[in-house]
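What follows is a short report on a single structure.
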Ligand SMILES: NC(=O)c1ccc[n+]([C@@H]2O[C@H](COP(=O)([O-])OP(=O)(O)OC[C@H]3O[C@@H](n4cnc5c(N)ncnc54)[C@H](O)[C@@H]3O)[C@@H](O)[C@H]2O)c1
Ligand SMILES: O=C(O)[C@H](O)[C@H](O)COP(=O)(O)O
């Protein structure tokens, strides 16, 4: 059994060595001829699996992508050739949701935004959007939910896209990239509706670059500046035209990164495990390998929050009780989250290394990043401990 696996899929040997011969490849240079005699092909989002790539596949039984996005896969072509397919839905949802909260905390501190009285629109309520919605609810941040494929219930109200972007203080995108169907997302945010955004809006895109018309966004930012309006607070993890982002947009961003929101070790490794289980099922072999047996302990695996840590502290300055920032600079929750991982690290790498190296290099050489669940927190305050536990931390 010949198993072709992208070089950026972790733990592939640990999972697949017992099933067959693992052959690694570089995602953008895979050729049709490499698929001769291959039985299984596991890719990431940079490999376009289409008729051309599959043209010499003579024994391929399964194609898997260790991602949730499927816009790089021609599923109709796979089905025509009788090749089974699966993605890894939800594998990196927690990673992306943590990334967004991480970025939000940076913006809140940088601009002293009291997020407790702001509305955050989540565009796309799938695996990531729902995970993020849960975390924001735990943090007490009000949300506007937008997903035309979901119906409102007494507990959950969905709003339409224009309402969401016109009324939100923070907007975060979590849709797939689609260009057909009733609600395509290609250039969902574009020259026609950018004008609806609030003056002080924060915009986060960790979905697909093409969901926002990047040229129109740059033009809009320039027009805003000319008319004396405040800048958009901008977080871009994904870019139109990757691996060649619109360079002129970069200086206008507060936080930049090379499509790594889903790149926690847990997120990537869970993708491998999901594909492994699917391959085992297809081949009718027992799935004996388990991620929990390989995942290493985090570099910092235990932390103590002292007794007087208080998330929503009212500070008295000059005999006046100061404004309560849910995410104040000394907020222990923010400190804790930025101890596990700080999105500003990736912003620095992106800005400093993008010209010397490349977008793909930054992704390939991505430093290990762990999720909140990798850390055990010793917390003496029951209320804070419960909040941390709901966010995914282990409580001692
Ligand atoms: N930056 C990263 O590293 C990273 C990581 C993971 C996923 N992603 C991207 O994020 C996307 C979402 O991931 P997911 O796991 O939540 O996927 P998902 O399929 O679980 O959810 C997507 C949701 O978007 C909704 N949707 C579709 N069209 C919409 C529209 N026009 N307006 C609003 N909502 C719409 C769908 O109904 C669905 O609920 C992926 O498709 C992928 O492109 C990026
Ligand atoms: O769609 C996804 O799951 C994510 O965008 C994923 O993190 C992309 O990573 P890549 O496959 O490009 O390495």
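Cβ coordinates are placed from backbone N, Cα and C, and glycine is handled just like the others.
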| said: Of the residues 21, 67, 272, 288, only one is listed by TrEMBL in the substrate site with 45, 263. Which is it? | reply: 67
| query | 147, 206, 207, 208, 237, 262 bind NAD(+) according to TrEMBL; which of 175, 178, 180 goes with them? | reply | 175
| request: Grab the substrate binding residues from the record (45, 67, 263) and give me their largest CA-CA distance in Å. | output: 13
| How long is the line from the C-alpha of residue 242 (active site) to the C-alpha of residue 259 (active site, proton donor), rounded to the nearest angstrom? | 9
| message | According to DSSP, does residue 259 (active site, proton donor) sit in a helix, a strand, or coil? | response | coil
| message | Can you tell me which of these recorded positions sit near ligand 1, meaning the Cβ is under 6 Å from at least one of its atoms: 45, 208, 242, 259? | response | 208, 259
| message | Please count the residues of the domain 'D-isomer specific 2-hydroxyacid dehydrogenase NAD-binding' (112-249) that DSSP assigns to helix (H, G, I), strand (E, B) and coil. | response | 44 helix, 25 strand, 69 coil
